[in-house]
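Worksheet: the structure to be examined is printed underneath.
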Amino acid sequence: MAQRVQEEDEQMTSTDDLIQAEIELYHHCFAFIKSTALRAATDLCISDAIHRNGGAATLSDLALNIGLHPTKLSHLRRLMRVPTVSGVFAVEDHNGEAMYTLTRVSRLLLNGDGERTHALSHLVRVLVNPLTVASHFSIHEWFTIEQAAAMTPFEVAHGCTRWEIIANDAKDGSVFNTAMVEDSRVAMDIILKESCGVFQGISSLVDVGGGHGAAAAAIATAFPNIKCTVLDLPHIVAEAPTTHSNIQFVGGDFFEFIPAADVVLLKYILHAWQDDDCVKILRRCKEAILARDAGGKVIIIEVVVGIGPKEIVPKEMQILFDVFMMYVDGIEREEHEWKKIFLEAGFSDYKITPVLGARSIIEVYP
């Protein structure tokens, strides 16, 4: 053992290697600062401040727009270096002063009036959330403590489930539901532009776990002939806006019953459940839809790990998303894992279309 340690030390005799190794270690340790700086910029409404200032703003402009005390100006400069280095915002020299502008990423942080199609500021607040982050600091306990075996990392950290907090904390629940609406709008805008054929020939659709109906509204607007039903828990559909005449909201439990329709949509639902529960949900879906020769299918929108763009960012996003979902004992699946639960639920075939970058459309046929 001692000899092996000595050999490993000798492999790092180069000063350059040691320096590079230390830099990489620090870089990994400080990676969370990217997320917290992004969250801070989102909560400070930096994107909106730049937008209100004509699309470009100095530090002084930002401070004035967001009502920042002058003593915090130098700290704002330090904070803004993080999202500019990582490409969330752009910066250039303007007469010796830093001038910040929006990028395609920071435009997604614009709040607008709540109706902006491409807005994800609330999603950032859900993903980079102190409750969620604390859960990941409990993962080691979840792995090693026997009494934690039947709990999620979130329960280990907080003594209750994530869903209980969403249901009982009005503010947290509102942010979460708004985030799901935002994400649905962006996803459906892409799908309806790039892969609208998945909805062709459908006369009725049930969006299972469809929240406030953002996905259903997009489908009903693009395909007025499709009668859409949104199924979600009673307290969620009770708060849903009734803005579209072609959408019906039904309160219920998708483990117990799913209304009959040509097609069932499951968008970002199954990744929150383990395989046995996914099989139960899919069997309920199979009971609700038409036969395959009559156009019946289940449309799933989820990550398929290993399928999609080969660039490092989307590949890494899939892996990070998978570990992120551990906090509620969820999982992002590879194709063979999806296939296993489809067959166990009684489906005969499926088709994967990687149209959403790191996420895909999966059409599953009875």
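Using the three backbone atoms N, Cα and C, a Cβ is placed for every residue, glycine included.
According to Swiss-Prot, the features are:
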type	residues	note
BINDING	Gly209, Asp232, Asp253, Lys267	S-adenosyl-L-homocysteine binding site
ACT_SITE	His271	active site, proton acceptor
ACT_SITE	Glu302	active site
ACT_SITE	Glu332	active site
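On the structure: features taken from Swiss-Prot.
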{"residue": "Gly209", "record": "S-adenosyl-L-homocysteine binding site", "CB count, 10 Å": "19"}
{"residue": "Asp232", "record": "S-adenosyl-L-homocysteine binding site", "CB count, 10 Å": "24"}
{"residue": "Asp253", "record": "S-adenosyl-L-homocysteine binding site", "CB count, 10 Å": "12"}
{"residue": "Lys267", "record": "S-adenosyl-L-homocysteine binding site", "CB count, 10 Å": "25"}
{"residue": "His271", "record": "active site, proton acceptor", "CB count, 10 Å": "21"}
{"residue": "Glu302", "record": "active site", "CB count, 10 Å": "20"}
{"residue": "Glu332", "record": "active site", "CB count, 10 Å": "23"}
Max CA-CA distance, Å, over listed S-adenosyl-L-homocysteine-binding residues Gly209, Asp232, Asp253, Lys267: 16
His271 (active site, proton acceptor) as reference: those recorded positions from Gly209, Asp232, Asp253, Glu302, Glu332 with C-alpha within 10 Å of it: Glu302, Glu332
Rounded Cα-Cα span from Gly209 (S-adenosyl-L-homocysteine binding site) to Glu332 (active site), Å: 18
Cα-nearest neighbour of Glu302 (active site) within the listed binding-site residues, Gly209, Asp232, Asp253, Lys267: Lys267
